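In what follows, a structure is listed as structure tokens, so that the remarks can point back to it.
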Amino acid sequence: MVRFFGLNKEKNEEKENTDLPADNEQNAAETSSSNVSGNEERIDPNSRDTNPENANNDDASTTFGSSIQSSSIFSRGRMTYGTGASSSMATSEMRSHSSGHSRSKNSKNLQGFKDVGKPLRAVSFLNPVKEEESQDTQNTLDVSSSTSSTLATSGNARENSFTSRRSITLEYIHKSLSELEENLVDIMDDIHQDVISISKAVIEAIEYFKEFLPTTRDRIPYRISLEKSSSLRKINKIVLHFLDNLLVSDAFSNSRSILLRRFYFFLKKLNLITDDDLISESGVLPCLSVFCIGSHCNLPSMDKLGMILDELTKMDSSIISDQEGAFIAPILRGITPKSSILTIMFGLPNLQHEHYEMIKVLYSLFPDVHMYCVKDYIKKAASAVGSIPSHTAATIDTIAPTKFQFSPPYAVSENPLELPISMSLSTETSAKITGTLGGYLFPQTGSDEKFSQFASCSFAITCAHVVLSEKQDYPNVMVPSNVLQTSYKKVLTKESDRYPDGSVEKTAFLEEVQRIDQNLNWQKSNKFGQVVWGERAIVDHRLSDFAIIKVNSSFKCQNTLGNGLKSFPDPTLRFQNLHVKRKIFKMKPGMKVFKIGASTGYTSGELNSTKLVYWADGKLQSSEFVVASPTPLFASAGDSGAWILTKLEDRLGLGLVGMLHSYDGEQRQFGLFTPIGDILERLHAVTKIQWDIDPQLDG
């Protein structure tokens, strides 16, 4: 027979206590008001000796061992069955001994087995033992009644205990967070020291999250703040380090998904994720995103991080070398903005294994700042049009005649002499490079006769890398873009060749081609303007990349989005909110902005508080940037020159924040821009006159 808890040894040491089983039975009978409990009745189910004297000399270890086995946790139904005879005998023995022994003697004998009786009674309360009917029907009814009463009492006790566990305190939550942090820190130390494999480590981490506040299934009645909880920030960092650096291989995709989902429910339990943020019931797995560092972000280490990046931009570029377009972006990363922590994103066009090793070295630099590397790079937002897509099919069956409506892949103004901002733009001779018309600037000459010739002039502005060329010093500019129109014309011509001559489809394509030719000829006869100045250079550690175009006097220039542009997702961009009325010099971190580019159209985002540092043209540069929100796309090729705008809060209209010049070419979620204040300051330094977005008033 298998022995539990060393009971057999205990019997040999205290063999003189021969009356213990009977006294134990007497105590159980008295606590249930002289009714025999069904569980306590299991003390000696295998006894076949009806002599009470023999019962007193029975092996105590055998008695308790049988009781434990009769309520085995390995039984599927957690119920065992005994013979009616054994039950009757045990009941008879209990009644016999209860009348022949005193309560004091019973208490004395129970002290030796006090640590044994408690586990047995606990098992009895949780797992009732169902018996077969014995010959003594009355005894069976008494046992059943007593068992029901005992179970009801124990059930209420468990319910009250569960209710008390749910009433957790804030101190207990912080203690649990601290314990979880310590466990995860130990796991991460083992990983970095090659003590444990990543596969085993992530399994242990998932189990630790499962054990966090196990009695609380729903949200806690408190709100935990990342700013005030160092343990929570460190936990977030470790999880993000798993997801962004250690589990990036496709072999860990399943482990990554499980950990991310467990982390999501962990944050939801702490009220860092609300139902409005994500709907978990939809079955869609949450994902990590990047967010801007706004004005309300008070996370520790933020000031220190900004100082490091500022010092980095002041370093001598001659002693630094990196991949073209590589960058360092300070952002927030997490599932939602409220659950995100400070993050340094390293973008590299050619990502290699040693870069991940570098992250391991930098891991301990900040205790609560996440670092990760990704394949990405900064590139100019001008578009280089490639080859025209072709089809393999020779012909297409004709369809019924209908009136065709073509929609060109660029904005077209209703009035060719009134061109709104944000239209496509290129030089007259460009074959590939195209960008966006940012807007219009007007010189404020005042009464100075030296600049009187410019008093009534209008100037368009865009990025210098879009319109400057080594072949021509002062190129003419076309709006819409000559590059896009020519490319569109080639596509239509190629597509028309797939239809038979005289068909309605081919006729429609050729008519559209003819309209494009007419528009191109009109633009060459009515030139939009000519580049008069531009530069792409590093001035005071900042990129100066813009050019001004003197617009032909026959064109009416207004800083408005125009009614002829494509519809916007924002329904408030109508009427007065189509006009740019103010320059924004004081940029507030987290400010909601948008741009309308010739390539991607309307996209929105938020201003980041800390600049992005990147390597381009053999120099280390920095720039303000926008983080896309709520969609993960902000800019792409062809958007260079687009103005960064925001809706004014105190009046109707739009505010001008800056001009887009670059973006991250791989993920396209960052938009780098030059503030309008820097542009106007540089123009004043070069031209010696003031500039504004509104025409100069007479007098």
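Keep in mind that glycine also has a Cβ here, set from the backbone N, Cα and C atoms.
Lifted from Swiss-Prot, the feature list:
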ACT_SITE  HIS465  active site, charge relay system
ACT_SITE  ASP545  active site, charge relay system
ACT_SITE  SER640  active site, charge relay system
COMPBIAS  8-18  compositional bias 'Basic and acidic residues'
COMPBIAS  24-38  compositional bias 'Polar residues'
COMPBIAS  39-51  compositional bias 'Basic and acidic residues'
COMPBIAS  61-78  compositional bias 'Low complexity'
COMPBIAS  83-93  compositional bias 'Polar residues'
COMPBIAS  144-154  compositional bias 'Low complexity'
REGION    1-113  region 'Disordered'
REGION    129-158  region 'Disordered'
REGION    459-699  region 'Serine protease'
Which one of the active-site residues (HIS465, ASP545, SER640) has its C-beta surrounded by the most other C-beta atoms within 10 angstroms? SER640
For HIS465 (active site, charge relay system) and ASP545 (active site, charge relay system), what Cα-Cα distance in Å is obtained after rounding to a whole number? 7
Just the number: how many Å between the Cα atoms of ASP545 (active site, charge relay system) and SER640 (active site, charge relay system)? 10
Determine the mean pLDDT over the region 'Serine protease' (459-699), rounding to the nearest whole number. 92
For ASP545 (active site, charge relay system), which of the three DSSP-derived states applies: helix, strand, or coil? strand
